């Protein structure tokens, strides 16, 4: 199999893991293997620098390049993953205009030496929009990688949300058009992938006639919008009405997916989630894989993967053949997708190493540099602890040190181990042991042979005893201040601390005059420890509060009114019972929706058919798709 390029708007870099088949194995490596891709371009990652984690960056066998928004949080974002065994870029940049700077550098990409920059940057006066170049590249919408074969541009074009974004959208598209044309003019081949947020023609969207009718537009007006006009002028076979724009006289790119499926209808890549339009395939094609003329013949397949869920978009791929034609010669694609000395005639000459990482690689970010995964941190720590524990013991045995001198070194080692592997369960296990051991007289210190000075257990026991004895002294001081004997076991932590005086006074007030003296409310923890195993009566009193509450309940006089629980349940059920949903024309339960359109009905809820919209994009009669059922919630009062 050749080399596959896949583009996918994931609507959040972790969003696919909520769907099948990605939720079975929530790793990016498994995701890429399922996609069978060698280069993956993701749009709308919706993360910031602080959100990067090991599983995103340190993917085994993959390298990654991010472009993240500079100001907006959880917005936009583009990432390109490359499989190191198949391809390795020779240059990498962020942004379209070249005004950004590489990591840890103050030099702009466009000002780098000739051999370190990709080129094709917009020149002065080429961008007609008054938008600042730094603003165009401030939202993390473009990553550019250069391979010996071509320049790969991964892009996420702004969408048309409202009029306030029109200027930015058109300025971004203008800069993208200039950069692509400049690269082609330099003699470089270009592959443009991503979510362009542009419908190319009427073949690439559903319900166009209804949309034109609502917006009072003609098909010519639809095709002449600036974004759509840009796309049709840059593509071979694009439908351009009237004369071409200045400096856009010639097309430079091919729509690969459409070339392999020229007449296919319903080849949509995006669906509206709120309307549940994907099952009925009421969507649009706005995700593309485009390439320049020089490498069009290299592609052997291209299609959409509408069956893969995980976002409101679906993946789109294009596959390059194993052997391609360049300058009349047949060359393995691996020779053209890696540095010169890495492959020859399709055979690997040397392995990929970290020296092949480019400055923009996310693996060179300080928190991810010089390690492979989070597990290495613990493995290296364990090795260092083992070495540190063996070194002092060896030194002591050689110098003839006494056991007393060897104990501090092993205690330090124990502290390191305890910091990395101490658990809460060990704390609870240690307290009873320490309490019981305090009742027995201390053993006399025996002479420890030199060879036994290494184990850490000899240093750990005195340390635990000292901690427990310290806590006992503190608790004793606290107990003496309050008149009690102090907490001597964990049992005293969980039982209620009710003063004896208050309990006896309360019982005396509720009991007759000839009653005997008030009984002890419960057995304290100190008595349990002194007596050993408690009796059943004492055990019931320790564990419970039920015995105490039962005595109080007998003394409490009955209330005048008795509530029937069955009657109460029925009355509350009538008020808060489950609301019965109305049925649609299909006999199915309707779904609740809320009006968000401005007007007198804004905020009102209503019931409609829960089925997805059909291919017509409207409610239908007598079909399997959404019917015409519509009921205001205020007009429906059915309850279970």
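For all residues, glycine too, the Cβ spot is worked out from N, Cα and C.
TrEMBL: automatically predicted annotations, no manual curation.
According to TrEMBL, the features are:
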type     : residues : note
SITE     : 197      : site 'Transition state stabilizer'
SITE     : 287      : site 'Important for catalytic activity'
SITE     : 313      : site 'Interaction with DNA substrate'
ACT_SITE : 313      : active site, proton acceptor
REGION   : 383-408  : region 'Disordered'
COMPBIAS : 387-398  : compositional bias 'Low complexity'
REGION   : 433-492  : region 'Disordered'
COMPBIAS : 434-447  : compositional bias 'Polar residues'
REGION   : 504-564  : region 'Disordered'
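On the structure: features taken from TrEMBL.
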| residue | record | Cβ neighbours (10 Å) |
| --- | --- | --- |
| 197 | site 'Transition state stabilizer' | 20 |
| 287 | site 'Important for catalytic activity' | 24 |
| 313 | site 'Interaction with DNA substrate' | 23 |
Residue 197 (site 'Transition state stabilizer') and residue 313 (site 'Interaction with DNA substrate'), distance between Cα atoms, whole Å: 11
Euclidean distance between Cα atoms of residue 197 (site 'Transition state stabilizer') and residue 287 (site 'Important for catalytic activity'), Å: 7
